[in-house]
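These notes are about the structure you will find just below.
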Amino acid sequence: MAGLMKLACLIFACMIVAGPITSNAALSCGTVSGYVAPCIGYLAQNAPAVPTACCSGVTSLNNMARTTPDRQQACRCLVGAANALPTINVARAAGLPKACGVNIPYKISKTTNCNSVK
């Protein structure tokens, strides 16, 4: 559990640093990370089911990402987080929006082309 917390902190720090690199978007990677942080245990297969707080964060993030630049930025942040988490279960990541009852216009994966997100 301590290792998972260290990893979450590392990802959060990376997202804060990477956030200003791209941006006409209002969303920062720090913001995105904050919304999906409750999902880390589930995505790393330490939780058997998607936590309610995770789905609340996914839903809130989806509601915030209204413009194409915001959706592309959220996508970039999620792809970056997926690549930074070596223990992530990619099938769980890809299925997370559906598990939370949210439709997003792209698949969460380590290789998603976020420039194609509209």
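A Cβ is built for glycine as well, from the same backbone N, Cα and C atoms used for every other residue.
Feature list (source: Swiss-Prot):
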SIGNAL    1-25  signal peptide
DISULFID  Cys29-Cys77  disulfide bond
DISULFID  Cys39-Cys54  disulfide bond
DISULFID  Cys55-Cys100  disulfide bond
DISULFID  Cys75-Cys114  disulfide bond
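In this structure, the C-alpha atom of Cys54 (disulfide bond) lies 8 angstrom from that of Cys100 (disulfide bond).
Straight-line distance linking the Cα atoms of Cys100 (disulfide bond) and Cys75 (disulfide bond), rounded to a whole number, equals 17 Å. The sparsest Cβ neighbourhood within 10 Å, among the listed disulfide-bonded residues (Cys39, Cys77, Cys114), is found at Cys114. Taking Cα separation as the measure, Cys29 (disulfide bond) is nearest to Cys75 of the disulfide-bonded residues Cys39, Cys55, Cys75, Cys114. Of all Cβ atoms in the shown protein chains, 23 besides its own fall within 10 Å of the Cβ of Cys54 (disulfide bond). Annotation note: Cys29 (disulfide bond) sits in a helical segment as assigned by DSSP.
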